[in-house]
Amino acid sequence: MSQTSTLKGQCIAEFLGTGLLIFFGVGCVAALKVAGASFGQWEISVIWGLGVAMAIYLTAGVSGAHLNPAVTIALWLFACFDKRKVIPFIVSQVAGAFCAAALVYGLYYNLFFDFEQTHHIVRGSVESVDLAGTFSTYPNPHINFVQAFAVEMVITAILMGLILALTDDGNGVPRGPLAPLLIGLLIAVIGASMGPLTGFAMNPARDFGPKVFAWLAGWGNVAFTGGRDIPYFLVPLFSPIVGAIVGAFAYRKLIGRHLPCDICVVEEKETTTPSEQKASL
């Protein structure tokens, strides 16, 4: 990370990076739902994964490319991330997701309107939830609230644990510039295998920001509830955070502690004062 990188610059990077991955991902889903594109689950998952990889390449040198509140919180708790940056990062991520969803909607506006007119869909009705799913995630109708929470928790735990593994040079061969692509591939694999259950949110900003936009764009409360008695937005908002904490904890305790180097060593060296460095010589 550049020594001249400031919190403002890092927040801008998180805003742009999160916005970029939402632009590609939501754009792909919009193409599928209202433009007649013929994407299967694997193609959609790959596009999301590549979008994340591109966003990481864009922002990693400035902010570390968290792009996800669950990742930010887990890194704060288990990888020495500065707690003073947690809230600014999360706000930037949610704002980036919101703005990207709005941008995709603006670019596809005529197609959304024509699709609703052709299929006699009243925006804001329960029948419009599927179209609202262009922007954020909703569960398979055959699973309940608790099952959806469990799915998101498990897949985010796997995501977080493997992110730490892929970015930990002490764990095997250093990945360097390949790490973003490997993380993108990881997301694609998770999406292809578990996406049909909940839409593989794994990211509170990715889901909540676009849900707020959909609410403002006319979908109203159904954007948050998903047409269910218990508001569904609570699942992708909180379950990924729990999952990321579990995944980071599991990696540190089951894998990281047995490696020759510690995740926090770099951060500790960076925070050591010149006088402390001299004293240690």
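Here the Cβ of each residue, glycine as well, is placed from N, Cα and C on the backbone.
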Swiss-Prot: matching membrane side for Ser5 and Asp82: yes
Intramembrane segment per Swiss-Prot - which of 64-67, 124-127, 132-135, 256-259: 64-67
The transmembrane segment (40-60) vs the transmembrane segment (178-194): 3 or more CB pairs under 8 Å: yes
Packing count at Arg206 (site 'Substrate discrimination') (other Cβ atoms within 10 Å of its Cβ): 34
Contacting positions for the topological domain 'Periplasmic' (217-231) when only residues 6+ beyond its ends and CB under 8 Å are counted: 102, 105, 123-126, 128-129, 132, 135-136, 138-139, 145, 211
Cα-to-Cα gap, Trp48 (site 'Substrate discrimination') vs Phe200 (site 'Substrate discrimination'), nearest whole Å: 10
